[in-house]
Protein chains: 2
Amino acid sequence: MAINYPAGTRRTSATANQVRIGKTTKKALTFGRRGMGLEEEINLANTYYLANQLAVIHKKPTPITIVKVDYPARSAAKITEAYFKQASTTDYNGVYQGRYIDFDAKETKNKTSFPLKNFHEHQIAHLAHVLAQNGIGFVIIKFTTRDETFVYPAKHLIKQWQLRQGKQSIPYLEIARDSFRVPNSLNPSLDYLKAVDQYFQQLD
Amino acid sequence: MAINYPAGTRRTSATANQVRIGKTTKKALTFGRRGMGLEEEINLANTYYLANQLAVIHKKPTPITIVKVDYPARSAAKITEAYFKQASTTDYNGVYQGRYIDFDAKETKNKTSFPLKNFHEHQIAHLAHVLAQNGIGFVIIKFTTRDETFVYPAKHLIKQWQLRQGKQSIPYLEIARDSFRVPNSLNPSLDYLKAVDQYFQQLD
C-alpha cells in the first residue's frame, strides 16, 4: 500500500526508517493510531493544517444550554447547571484554498454498510443549505474494522437519505464508489485534505 | 435617510405605512430595535438569510470546559461543573455566494474611537489565517450612540492592531473611511450582507 506524504511534511529519520520497513508499515501505522478516535485524528490534522498554513478548519464547540452560573469571589465563573443541546449544524467548518468547507465525521464498526441513523435530519438539511450556497459539504466516514476512511460528498449522502427515507444503511460498496478515499499517511495520520484535493479536481 | 430593502423582503402593509411616515422612520427603526443587542440583531439577520436561502452563517456555541456530568435515571444528562474558556476563533462563520465568511461583532458607546482592547490577540491571528486562505474576514463594529454599524475588513483591523500594538483606539473617522456601512433596513433590522456586497464589489 502506497504511503502518500502531505506536501511540506517534515520527516524525522525515525519515520523515514519506519517507511523503509515496507511490509510492516501498515501495521506500524495502525499501531500508532491505536485507541485514537476519528475525532481526535481530525483535530490533529486540523492543527497540522493550521500550523503549516494549508487550511483553517476548526471543530465547533459542543452546544449547551446554560441554566445556572456561580460567580465566586476571586475565581472564575463556574457553570453549575447546564444541558447538552442538539447541534443545528455539522461539527467542522472552515476555509481551504478559498473555498468554504463543511463536514461531519462518523465512524462505524460495520464492515458492509453504514447505518443512516448516525445522521440527524438537521445535519442533512444543513449540508443541503451549504451546497445551495456553493459551499463544499461532505462527511468523513471511517470503517474502523477495515481501517478505511472516506470523504463522501454531501450530494450522495443527501440522495441516499431521500432514497432510504433516513432509515436503513448505505452499502459499503456504494460509499467506496462515490467517495474519495483518504490515503495512508504519517503526519498527520489522517490527511483528509488529500482526498478533498481529489474532490476539487473533479469539480473544476 | 434612505431605507434600503433587502432583496426578497416580504413587506407587510404595516411596514409600508411606516415608511410613508418619512421623517419619523429613523426614530421608528431605533425604537423597534430598542434593547436589542448587536449579537441578537446579527442572529436575527442570520435566521432571515437562512430562511431566504441567501447565506448560511451561524454563531458558534460558547466554548466551555466540562468537568462534571450527572446522568440521572430517566432524564437528560446534567452538566454540574463547567467553565468558560477562551475562544480560539471568531464568533461567526459560514458561506455566502460560495465564499467563506468569518467575523466577530463588537459594539461600543464611544463616539469618536473604537478601543482595540475589545479584541484578543488570537482573534486577530485567526482573521489573518483566514485572509491567508483567501477567506473573507471582517468585524462588524457598532457605534451604539451614533446608531451606525460598519463592516470593517480584517486587513484594516490587522494593520491598526500592528500600528498600535494592540493598545489604544482606532479613530471613528478611520473606521468610517475604511468600512462598508450597513444601511438602515426593516427586515432584517441589521442587513449586514448589504455592506458585504459592497465589499465584494471592491474585491472583484
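For all residues, glycine too, the Cβ spot is worked out from N, Cα and C.
What TrEMBL records for this protein:
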- A:Thr89, A:Asp91, A:Asp104, A:Gln123: Mg(2+) binding site (BINDING)
- A:Lys106: site 'Transition state stabilizer' (SITE)
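What TrEMBL annotates, mapped onto the structure for a quick look.
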residue: A:Thr89; record: Mg(2+) binding site; DSSP class: coil
residue: A:Asp104; record: Mg(2+) binding site; DSSP class: strand
residue: A:Gln123; record: Mg(2+) binding site; DSSP class: helix
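A 10 Å cutoff on Cβ-Cβ distances gives A:Gln123 (Mg(2+) binding site) a total of 22 other Cβ atoms nearby, all chains included. The Mg(2+) site is defined by A:Thr89, A:Asp91, A:Asp104, A:Gln123, and by the 8 Å test on Cβ atoms against their centroid, the other residues of the chain that qualify are A:Ala87, A:Thr90, A:Tyr92, A:Asp102, A:Phe103, A:His126, A:Leu127. Close to A:Asp91 (Mg(2+) binding site) in the fold, though at least 6 residues off in sequence, lie A:Glu39, A:Lys59, A:Lys60, A:Phe103, A:Asp104, A:Ala105, each with a CB less than 8 Å from its CB. In sequence order, the recorded positions from A:Thr89, A:Asp91, A:Asp104, A:Lys106, A:Gln123 that place a Cβ under 8 angstroms from a chain B Cβ are A:Thr89. There are 24 other Cβ atoms within 10 Å of the Cβ belonging to A:Asp104 (Mg(2+) binding site). The CA atom of A:Gln123 (Mg(2+) binding site) is located 12 Å away from the CA atom of A:Lys106 (site 'Transition state stabilizer'). Between the CA atoms of A:Lys106 (site 'Transition state stabilizer') and A:Thr89 (Mg(2+) binding site) there is a gap of 14 Å, rounded to the nearest whole number.
Counting every protein chain shown, 22 other Cβ atoms lie within 10 Å of the Cβ of A:Thr89 (Mg(2+) binding site).
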